[in-house]
Amino acid sequence: MPTLPIVLIVLAIAVAAYLLARSRAQRAAAREGRRLHSLPNYYGWTGALYAAGPALLLLAVWLVAQPVATRMAVWPVLEAEAAPNAQPALLMADVQRLAAGIDAAVASGRVPAAEAGDIPAEELRELMAGQGVALGSDVTPATRQAALRWRGLSAGGDLARTLAVIGLALVGAAFGVSRAKPDFRARNAVETAMRGTLIGAALLAILTTVGIVLALIFNTIEFFRLYPAAEFFFGSTWSPSFGGGSELGILPLLWGTLYISIIALLVAVPIGLFAAIYLAEYAHKNVRSWAKPMLEMLAGIPTIVYGLFALLTVGPLLVDLFGRNGALGVNWMQGGTAVMTAGLVMGIMLIPFVSSLSDDIINAVPQSLRDGSLGLGATRSETVRQVVLPAALPGIVGAVLLAASRAIGETMIVVLGAGAAARLSMNPFDAMTTVTAKIVSQLTGDADFSSPEALVAFALGMTLFVITLALNVVALWIVRRYREQYE
Amino acid sequence: MNDMRTMDNAVNHDTKITARDVHVHYGTTHAIKGVDVDIADRTVTAFIGPSGCGKSTFLRCLNRMNDTIPGALVTGEIKIDEADIYDPRVDPVQLRAKVGMVFQKPNPFPKSIYDNVAYGPKIHGMARNKADLDEIVEKALRRGAIWDEVKDRLHAPGTGLSGGQQQRLCIARAVATEPEILLMDEPCSALDPIATAQVEELIDELKQNFSVVIVTHSMQQAARVSQRTAFFHLGHLVEFGETGKIFTNPEDSRTESYISGRIG
């Protein structure tokens, strides 16, 4: 049975358990002449939770585990015939597609269910083409064998799953209903279930992060097996060639990333900080009420739009100023895409980030400090410079570091604004590229996924992850230390 | 009120602050309603009254701290040494250096003890060199009766001191700019009894050099430290006179009710 009907059946059992448990508790209370410990609905909820909770949990685990188990059971069939360097994942994908195709053929009536296992391998490809399932190559007998095995195991697994989940729901419902007695603390039981749900949500987010890191780590290790780590970290040339013999040094990319980020921060930090000071210290309440949302609207613009702005507006403008025959007559800039273009636009993107965080931090400085300074005859700007900003400094540093980690991870603006040339140059009007932009270009090509040219993307991603993680940790540590100061 | 003023003049010193028909509005709230008062030099004047009676608001008129609150409007006339402090030619920033203020909660800046005290003298350019500044800081800390406790750790953070020490540091910070008047807005309300006693003793010494105006919730404190007392109620100055007389033989029935604990 497919998943959705199973879920619906479980939910129906839960509703029934809710009603039964509630009325059972009420009747028991009336019969024994006692007060219920909790409101009747709580008894209903415990019944429903016992019915649906474990059953749905089992269903979720089963859905993840069954394909893995089936794959492991089917693999021996293929292994004997597989070429030594074949990709198990690709072969298995063919098997799964074939199995699904046979299922579809049976469902549409083109092949009688009983004969599905007797189709010779040679006819399968034609049959599949008729079903709209495209197979990469002719079906080998081993693949056919594996697909048939897959079908058999899946069918058995599906049946067992349906029975187990619905059975568990019924057992849970019975148990939940049987507990619905007046002295059962249903309210506390619901509380526990509530807490469990919340913990589960938090855990899921953490586990996902761990999963992402693990995926990166395995592929990174694979890359370093094919390409020496020292050349990756200290190589100053980036020239991937998919025919082999690439030089994959990260330094030009890191340099581009840092250069663009520094320019972005040089734009964003002063402007964002001054805007925050104005909003927090000088602006009238009415001005603040529309200026702050306006500023924060900048943060809602998708980065691809900033990228277009860089490509179409800022780049040509800079060329008009610094390029050949430009207004300044310096001929520093060869084309519109440059570190400066991307840095300026990224800086604009980061302004609301810096200003919004700094504004909150400046507002958290106690009013009594401002009063104390003003009461001594200091002007507003003296107060801001000498009392408010020093008090808010740790938080502002934290905000800047968070902005920096965003700048380092930014991709679209770089792709459109900075160009694709990996080079080590001091000239901010040269085109350069960043780690993120190269991750995109390495993975979107036609490269073989097991080649170092593609796997390098994971090593780049891992490097970036470590850098931004370190920045975030430092930033959060600083921000937290600052918060404690005034609480 | 006229008879009261003639009596005041008979007490001792010259009049330092004169207020006539002062009204304060916060938006639509009428917080101070026509206050007339004369505050003498080198005297401690206490403002007492129930919460929300306007005593702190009136105090903040005297150094124009109300200017920093959006929507606050002060009308009437307040003169210090015969000069109108609300005259357009008066710079409120300069005025506040002359009229120091100590706040309810100790509010040392997150700087060293030395820098806390040196803050005012530095922004007003009172010291020509480091030695000058050292001298000013020491003098202020001595006047704040805290020199002996902090002289060995002048460069430790001011926020690390105890509550009572912090408040005396704030008083030292306020006197460092050589003000003529010291305004204190419930300076002991966040302190324990021992620290309160120390600060009260300090206030008594300060009156030799300054005109001190103190807002307090504690009638005992007003009786202990002040020579004159003003009773505020619902934005009006109800009664103003010598502290002894206010507490023993008040003229207004509302004053008597407050003193004896029936209102407020």
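Using N, Cα and C of the backbone, Cβ positions are placed for all residues, glycine too.
Quick look at what TrEMBL lists:
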- A:6-21: transmembrane segment (TRANSMEM)
- A:42-65: transmembrane segment (TRANSMEM)
- A:159-177: transmembrane segment (TRANSMEM)
- A:198-218: transmembrane segment (TRANSMEM)
- A:254-475: domain 'ABC transmembrane type-1' (DOMAIN)
- A:258-279: transmembrane segment (TRANSMEM)
- A:299-319: transmembrane segment (TRANSMEM)
- A:331-354: transmembrane segment (TRANSMEM)
- A:387-408: transmembrane segment (TRANSMEM)
- A:454-479: transmembrane segment (TRANSMEM)
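If you look at the transmembrane segment (A:387-408), the same-chain residues 6 or more away from its ends with a CB under 8 A from one of its CBs are 257-258, 260-261, 264-265, 268-269, 272-273, 277, 281, 346, 350, 353-354, 357-358, 361-362, 364-365, 369-370, 372-373, 378, 435, 464, 467-468, 471-472, 474-476, 478-479, 481-483, 485.
Here the transmembrane segment (A:6-21) has long-range neighbours at 43-52, 55-56, 59, 161-162, 165-166, 169-170, 172-173, 176-177, 179-180, meaning same-chain residues at least 6 beyond its ends whose C-beta is under 8 angstroms from one of its own. The stretch in A:42-65, A:299-319, A:331-354 that contributes the largest number of Cβ pairs under 8 Å to the transmembrane segment (A:258-279) is A:331-354. Taking Cβ pairs closer than 8 Å, the transmembrane segment (A:42-65) reaches residues 3, 6-7, 10-11, 13-22, 24-26, 36, 161, 164-166, 168-170, 172-173, 175-177, 179-180, 184, 186-187, 189-190, 193 in its own chain, all 6 or more past its ends.
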